[in-house]
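> First, the structure itself, so that you have it in front of you.
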Amino acid sequence: MKNDVISPEFDENGRPLRRIRSFVRRQGRLTKGQEHALENYWPVMGVEFSEDMLDFPALFGREAPVTLEIGFGMGASLVAMAKDRPEQDFLGIEVHSPGVGACLSSAHEEGLSNLRVMCHDAVEVLHKMIPDNSLRMVQLFFPDPWHKARHNKRRIVQVPFAELVKSKLQLGGIFHMATDWEPYAEHMLEVMSSIDGYKNLSESNDYVPRPASRPVTKFEQRGHRLGHGVWDLMFERVK
């Protein structure tokens, strides 16, 4: 499952342009279970888009570190992380409603109270709803690599986007990316290394081993069986 959730084009003031998206809305058919989850669990765990900044302590009912995941696919790894780290809070963004329904269903099954989800364009959410200096971590796992050269501008990891993420991270917060497409990994590394205020957490100044905190997805397991590599990058906001 590829996640592909945001439109990375910005104007000169850093505001998102709406002309080019890095995702295509492929809503697909909802299963009965996904439809049931959207109808019954969205009122509890769903967050509607608005132009008001989120108050995380009010949203989750407590003070706790917040992780934002952009493009959670069907939500399996996001639910696993929220289950494994009950002391932290998680907000996931995904534009495809079947994935949102699947995530809500799994989260309900696990009885999670530390997970909220949104179904909206992530750049708009970052600009309009995420307070500056509020996130402990931002996760972007397996975004669409847009293989063809003429589509490279659609890749979400571009300098303006990485700068936007940095502004939302707390000092010491982490931007964690993963991809199975080596040219995209190289692109991510080039973009992130060019930005003042980020520190690469790799000892070799490139990629990090997969941290135990990131579950291995079915998509990734299949890739390993086929001999595909996976590259993790972790950058800390240091100023």
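Here the Cβ of each residue, glycine as well, is placed from N, Cα and C on the backbone.
Checked Swiss-Prot, it gives:
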BINDING   GLU69, GLU94, ASP121, ASP144  S-adenosyl-L-methionine binding site
ACT_SITE  ASP144  active site
BINDING   LYS148, ASP180, THR217, LYS218, PHE219, GLU220  substrate binding site
REGION    150-155  region 'Interaction with RNA'
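Walk me through where these features lie, including what they touch and how far apart they are.
In three-state terms derived from DSSP, GLU94 (S-adenosyl-L-methionine binding site) belongs to neither a helical nor a strand segment and is classed as coil. Counted within 10 Å of its Cβ, the other Cβ atoms near GLU94 (S-adenosyl-L-methionine binding site) come to 28, all protein chains included.
In the shown protein chains, 20 other C-beta atoms lie within 10 A of the C-beta of ASP144 (S-adenosyl-L-methionine binding site).
In the shown protein chains, 20 other C-beta atoms lie within 10 A of the C-beta of GLU220 (substrate binding site).
The DSSP breakdown of the region 'Interaction with RNA' (150-155) into helical (H, G, I), extended (E, B) and coil residues amounts to 5 helix, 0 strand, 1 coil.
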> When you rank THR217, LYS218, PHE219, GLU220 by Cα distance to GLU69 (S-adenosyl-L-methionine binding site), which of the binding-site residues ends up on top as the closest?
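When the Cα distances are compared, THR217 comes out closest.
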> What does the structure give for the C-alpha distance between GLU94 (S-adenosyl-L-methionine binding site) and THR217 (substrate binding site)? Integer Å is fine.
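That separation, Cα to Cα, works out to 16 Å.
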> Taking only the residues the record lists as binding substrate, namely LYS148, ASP180, THR217, LYS218, PHE219, GLU220, what is the largest Cα to Cα distance between any two of them, in Å to the nearest whole number?
25
